[in-house]
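Written below as structure tokens is the structure these notes are about.
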Amino acid sequence: MESEQLFHRGYYRNSYNSITSASSDEELLDGAGVIMDFQTSEDDNLLDGDTVVGTHYTMTNGGSINSSTHLLDLLDEPIPGVGTYDDFHTIDWVREKCKDRERHRRINSKKKESAWEMTKSLYDAWSGWLVVTLTGLASGALAGLIDIAADWMTDLKEGICLNALWYNHEQCCWGSSETTFEERDKCPQWKTWAELIIGQAEGPGSYIMNYIMYIFWALSFAFLAVSLVKVFAPYACGSGIPEIKTILSGFIIRGYLGKWTLMIKTITLVLAVASGLSLGKEGPLVHVACCCGNIFSYLFPKYSTNEAKKREVLSAASAAGVSVAFGAPIGGVLFSLEEVSYYFPLKTLWRSFFAALVAAFVLRSINPFGNSRLVLFYVEYHTPWYLFELFPFILLGVFGGLWGAFFIRANIAWCRRRKSTKFGKYPVLEVIIVAAITAVIAFPNPYTRLNTSELIRELFTDCGPLESSSLCDYKNDMNASKIVDDIPDRPAGLGVYSAIWQLCLALIFKIIMTVFTFGIKVPSGLFIPSMAIGAIAGRIVGIAVEQLAYYHHDWFIFKEWCEVGADCITPGLYAMVGAAACLGGVTRMTVSLVVIVFELTGGLEYIVPLMAAVMTSKWVGDAFGREGIYEAHIRLNGYPFLDAKEEFTHTTLAADVMRPRRNDPPLAVLTQDNMTVDDIENMINETSYNGFPVIMSKESQRLVGFALRRDLTIAIESARKKQEGIVGSSRVCFAQHTPSLPAESPRPLKLRSILDMSPFTVTDHTPMEIVVDIFRKLGLRQCLVTHNGIVLGIITKKNILEHLEQLKQHVEPLAPPWHYNKKRYPPSYGPDGKPRPRLSNVQLNLMDEEREEAEEEVRLLNSTTL
């Protein structure tokens, strides 16, 4: 028979081995393994979790999809546990959406029966808005708490306020009447550690004592942070955005968004920022907000019992996280849409906007910085930009793209080396060493000693009459012929040149330390360090252009618009453009990044410079690699994430990727009514597959449906406990009607209710370009490969990721073009002059001498189809 021929020719194939889970949370998150190490993470094991339920798809050679709705026969009493997912498995998007539609129909059908049912219906309808409201409230409150605590602990490294210990340096001097304009940060109420310990405010002894105490507090905060993470919540380390993207794509990581992770991440984020490490709190705030969304979703059955619906809440929570991180509600919504969300329907857009609005309102009410702003470095510019300035803006974009490409490669290389060496086995020691080096080098330079957010604020701020920074130490030119603004362009003084040298050293320091800091076992964001690097470079360029315009105002590029004594160039604007360019080069964000920076400045006038710089940085970065830092870490950790931005341009077919391969054991299958309970339990115990195709019989091999390992195990255990007469020799029936059995036979076990009778299938010669697109858009975890209804193999999400990685490593395509080595193909006609047998244009009967070479190739015979 045809099925037997296919069997002997190797088309019944075994599944690929599953990704084994990491032995601990810390090992799982140690993102320094071999790229796409599918053998070290438990992900989409062949058929992990539940399969597609409710919709039947058949992929034909032409690529068309036929869809017909088919609901499963439900049990009178649903078996507890059936339909749920294990840890490190991928959800079934189609099945979850079918469950939600069925739940919605059930509620609507009952709402007219009584007032109580109507109340339940209204509660269900409003539960989405309630959960995002609670998420926004919690995110805003926690963000305000983190901002206040981080500012206080950062200043604690330098001194303490004697009048009120809970005041930071700025708050301590607010009410002092002895503060002078030149030394506004000095007041008798604030005491440095040198004044408290040795009683000296100036001199070498005071400097050394403050230096020692700065290092002591930095190491103490870093040690406490990494210890709390290691002992209580290993998932609290890192930025969290790569894992959030993976979770939103459908992957399940139990505990990553739990209450312990939320609590420890909130505490250790404050400690990590206060330690002075080259990291930020903006990225981890997205993780904190998603933890809030996950916890509140369990209060509503609509979201607690449906993983797909829960991810709608997480998308809104990520928007709230960016909203409180940058004070940019609209930018937060666009960030969720562009960067992290995998499934983003229109109602999620509305709820994300509402969550971002609530979170921003709460943070504004708390007013953590005392400036009535949501962020520390909010600025406003009033000087227009000119067409010539697009050239330096584009240069900053080039710098941002080069920085992003360098950082991604260097950081990934260091993270991979961290895991491959003994150094990675001691995360506490690594954090202490990095913190010590950072503190020792940062203290002598006033710009690296500053909190990174304060550094960005100083670089963004334009020089005005109230600014006493060395960046504003210009010479006053009283002989200017025309005064256009209060403070026109002036020649730079010694303070400006000294500040430029210090900024150059700070730039080198930030570039090096950020590479080694991102990825250590403490909460570490990348937004602020990248913005600081870009702001430093932008401020230097801005000062250079400003001085060029002042000394050479008669050049044709300045002559038309920059008169003597006019305020032409704004160095702070260059710092802002540079910050956006560097952040865009690292993350490859575009629209959301421009909107975020636009909301920071509050002016529409600077959108064009921002767009030019961000797009330039993306183009330059893409020239070295299309992946952003978060996608690179996803690949490094081996997470099952199919990036929708990635294009598939190869010519392979489904038969090239499906498992089992030719030399693998046959595909493990179940028959619909010929197996006993013992047979199924033995198959479950002897294999590690997470699901099994169900066929009519060994003779026909026609596909009936698909059964999951987890559901089979739970259903058999439940039947043994609750149903009398179920023994090991009981016949298991997946068919609608139980076959006739002898009278002495034990009671059969009907498991049709756990069978997916409409699994997604494709033919063996479906192009992989179409298969990959289907997996991305439908969120599939696996699909069966058939030929004329006969099961040949299976393709899982992990198989596709492995195949894509092989293609990236320049492995020869499994299905070469028709002209490739054409002389090795057998002739279309046999020696008897008759056409050779064909099966759907796929050669199955290869000549013996070519069988070894053609083991991994599918050779197309009919050239008219090419």
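Cβ atoms here come from the backbone N, Cα and C positions, even for glycine.
Per TrEMBL, these features apply:
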type	residues	note
DOMAIN	658-722	domain 'CBS'
DOMAIN	755-814	domain 'CBS'
TRANSMEM	126-150	transmembrane segment
TRANSMEM	214-236	transmembrane segment
TRANSMEM	256-277	transmembrane segment
TRANSMEM	284-301	transmembrane segment
TRANSMEM	313-337	transmembrane segment
TRANSMEM	386-408	transmembrane segment
TRANSMEM	428-447	transmembrane segment
TRANSMEM	499-520	transmembrane segment
TRANSMEM	532-553	transmembrane segment
TRANSMEM	573-598	transmembrane segment
- Task: Mark yes when the transmembrane segment (313-337) and the transmembrane segment (428-447) have three or more Cβ pairs under 8 Å (sequence separation 6 or more) and no when they do not.
- Result: no
- Task: Grab the same-chain neighbours of the transmembrane segment (573-598) for me: Cβ-Cβ under 8 Å, and only residues 6 or more beyond its ends, written as numbers and ranges.
- Result: 322, 326, 328, 330-332, 334-335, 337-339, 379, 381, 383, 385, 392-393, 396-397, 399-405, 407-408, 456, 459-460, 462, 526-527, 530-539, 541-542, 545, 604, 606-607, 609-611, 613-618, 620-622, 626-630
- Beyond the flanks of the transmembrane segment (499-520) by 6 or more, those residues with Cβ under 8 Å of it: 31-32, 226, 237-239, 277-279, 403, 407, 410-411, 414-415, 418, 427, 430-431, 434, 437-438, 441-442, 445-448, 455, 469-471, 473, 526, 529-530, 532-533, 536-537, 539-540, 543, 629, 633
- Note on the structure: Residue counts for the domain 'CBS' (658-722) under DSSP, helix then strand then coil, are 24 helix, 17 strand, 24 coil
- Average pLDDT across the domain 'CBS' (658-722), rounded to a whole number: 85
- Note on the structure: Residues outside the transmembrane segment (313-337) whose C-beta sits under 8 Å from one of its C-beta atoms, at least 6 past its ends, are 128, 131-132, 135-136, 139-140, 143-144, 244, 247-248, 257, 281-283, 285-290, 292-294, 296-297, 303, 343-344, 348-349, 351-360, 362-363, 373-375, 378, 527, 589, 591-593, 595-596, 598-600
- What parts of the chain pack near the transmembrane segment (386-408), using Cβ distances under 8 Å and only residues at least 6 beyond its ends? 511, 514-515, 530, 533-534, 537-538, 541-542, 545, 557-558, 561-562, 568-569, 574, 577-578, 580-588, 608-609, 612-625, 627-629, 632
